[in-house]
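Notes to accompany the following structure.
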Amino acid sequence: MERTFVMVKPDGVQRGLAGEVILRLERRGLKLVGAKFMQVSRELAETHYAVHKGKPFYEGLVRYITSAPVMAMVWEGPNAIQAVRQTMGATRPTEAAPGTVRHDFALEVGRNLTHASDGPETAVAEIGLWFKPSELVSWDRATDDWIMGSN
Ligand code: GTP
Ligand code: MG
């Protein structure tokens, strides 16, 4: 089953929206397999956002993500990567569709509440960067067949 790395960024935590994000992913049918509430170090932020190094917003992005605690999570489900990004909405909140987290709760790209892996390779890399294997929990959920049944 596909897994993806999701983070409620400092603005989401400060605004009391961590529960809202979790609620939406749970209701969608995705399964939480790892979570930690943590302060991000500069080193971790730079590794996580290495792809953006050199861009004009890079320094501000690292400052933003290290400015206060985040909720780091791994969610699992069929097409979890695509499903989570769809629930979060477009990077720029003013381009995000109504009903998405970024549309419903954010206004600016520099305070867009959440992060979610953008593809299978980044998901594997980000899960490995943020979580030890022992911090991830594979578990059976009573409703799994009602959410993931194919017949
Ligand atoms: P993530 O799930 O957070 O990775 O967002 P994304 O994949 O939708 O966007 P992308 O990876 O391109 O950018 C990563 C993050 O950098 C965004 O979520 C924003 O927080 C920030 N960012 C991207 N573009 C801009 C920009 O033009 N200005 C500012 N201030 N921040 C930006
Ligand atoms: Mg991204």
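Positions of Cβ are set from backbone N, Cα and C atoms, glycine also.
What TrEMBL says about a protein is an automatic prediction, not a curated fact.
Record check, TrEMBL: ATP site residues include Lys9, Phe57, Arg85, Arg102, Asn112, and the candidate from Thr66, Thr91 also listed there is Thr91. His115 (active site, pros-phosphohistidine intermediate) is 7 Å away from Lys9 (ATP binding site) when you measure Cα to Cα. The recorded positions near ligand 1, defined by a Cβ under 6 Å from one of its atoms, are Thr91, His115, chosen from Lys9, Arg85, Thr91, His115.
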